[in-house]
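To keep things clear, I will list the structure first and then write my remarks on it.
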Amino acid sequence: MTKKKIRVFINGFGRIGRAVARIMLEDECCELVGINDICSYEQMAYLLKYDSVYGTLPYVVNVEDDILFIGTQKVQLFSEADPSNMDLRVMEIDVVLQCSGMFLTTASNLPLIRNGAKKVIVSAPSSDDMPTYIYGVNHKKYRDEPVISNSSCSANAIVPIFQIVDTYFGIESAMMSMYHSYTVYQNLLDSKHYSDDIRRTRSATQNIIPLMSSAAEATETFFPHLKGKMYAKSIRVPVPSTTLYELHIQIGKKTGVQEVNQVLREEIGGTYSDILDVTELPGSSLEYIQSPYSAVLNLSLTAVVEEDLLRISAWQDNEYGYAKRVVDMAKYIAQY
Ligand SMILES: NC(=O)c1ccc[n+]([C@@H]2O[C@H](COP(=O)([O-])OP(=O)(O)OC[C@H]3O[C@@H](n4cnc5c(N)ncnc54)[C@H](O)[C@@H]3O)[C@@H](O)[C@H]2O)c1
């Protein structure tokens, strides 16, 4: 008997929404049934077909009226700023992926549930007490809540690494530097910006820009004993995707590089093999474009000072790697 595909709707067809769509097109467990964005249908189709980071999609893509054709697949299109205006009932949607960067509270996503969707996954940390799950970390604790957060790209990378380090060496405090690609929430050239962070006014393509980050708070959710003992900075660099995480961790046990790398290799080869990987190769950021992992730990860069100050370096495609986890989470919660 063929397994029923999960029926997915994407709200917000931007960088993450389109990366998710590309991943689902290659996953026989998923069917993309609908997309909503406030841009034109022509732009949705064009940006799916041509992507400056991931290349040209190997399917014929076109729009007829409000239907997007991707090869032989038909996807219903909407252009609604307010989710309560979309009747989703006839589409029998298992999961809406909320990738708009808006609607960060449970209440603001409930109209999607009332209008026919079974579940919603928000592709960002919430701004309320929405249940938060990270695939490979705590997704098995999912309790059938209708609206959940998939946390941030940074937390998806950092939290599983910290779980290993905390278990074996005991984390006392940590500083996280994230050399992160620019995003659409920055300016192409110096210009006004709506953010409180004044450096967001500066040109993303010309500068290294230190920005405020919520990664410490997002990580603390999973390590309550480290509340107030972590600090994170997002250092935006002029590349369009990928992040290098430099994690400086004060640990409670004396150790050395060899022992740390052995623990990381063993844990990542076992418990975390779906979401983490290790490498010793001398790659740089381009090698991690379209990496499916939440993080690839570069073991040749592991360092230990004075036996208890540890530095771990890890790579992530913050778009594609994160989008993979959104799809994993959708497949998991659709079973409930
Ligand atoms: N880009 C990353 O690396 C990354 C990684 C992890 C999580 N995220 C999070 O994912 C979310 C989306 O980020 P992105 O980089 O894809 O941004 P994006 O701007 O590329 O995509 C957002 C899309 O949502 C659409 N949109 C805006 N308002 C809408 C509305 N009311 N209804 C429907 N669609 C609407 C926009 O037109 C746009 O196409 C953000 O919350 C971001 O923090 C981004």
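Glycine is no exception: its Cβ is also placed from the backbone N, Cα and C atoms.
Quantities reported herein were computed from a predicted structural model and do not represent experimental measurements.
The active site, nucleophile annotation in TrEMBL covers Cys153. The 10 Å shell around the Cβ of Cys153 (active site, nucleophile) contains 28 further Cβ atoms across the protein chains shown.
Within the same chain, the residues at least 6 positions away from Asn318 (NAD(+) binding site) whose Cβ sits under 8 Å from its Cβ are Cys153, Ser154, His180, Ser181, Ser241, Thr242, Thr243, listed in sequence order. Under the heading NAD(+) binding site, TrEMBL lists Arg15, Ile16, Asp37, Ser123, Asn318.
Per TrEMBL, domain 'Glyceraldehyde 3-phosphate dehydrogenase NAD(P) binding' is recorded for 6-153.
A 10 Å cutoff on Cβ-Cβ distances gives His180 (site 'Activates thiol group during catalysis') a total of 25 other Cβ atoms nearby, all chains included. Here TrEMBL flags His180 as site 'Activates thiol group during catalysis'.
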Residues satisfying Cβ distance under 8 Å from Arg15 (NAD(+) binding site), sequence separation of at least 6:
Thr183, Val184, Glu319
With Cβ-Cβ distance below 8 Å and at least 6 positions apart along the chain, what are the contacts of Asp37 (NAD(+) binding site)? List them in sequence order.
Asn11, Gly12, Phe13, Gly14, Gly17, Met44, Ser79, Ser100
I want to check the contact list for Ile16 (NAD(+) binding site): same chain, sequence separation of six or more, C-beta distance under 8 angstroms. What comes out?
Cys99, Ser123, Glu319, Tyr322, Ala323, Val326
Taking a cut-off of under 6 Å between Cβ and any atom of ligand 1, tell me which of the recorded positions Ser123, His180, Asn318 pass.
Ser123, Asn318
By DSSP, how many residues in the domain 'Glyceraldehyde 3-phosphate dehydrogenase NAD(P) binding' (6-153) are helix, how many strand, and how many coil?
39 helix, 43 strand, 66 coil
Give me the mean pLDDT over the domain 'Glyceraldehyde 3-phosphate dehydrogenase NAD(P) binding' (6-153), rounded to a whole number.
97
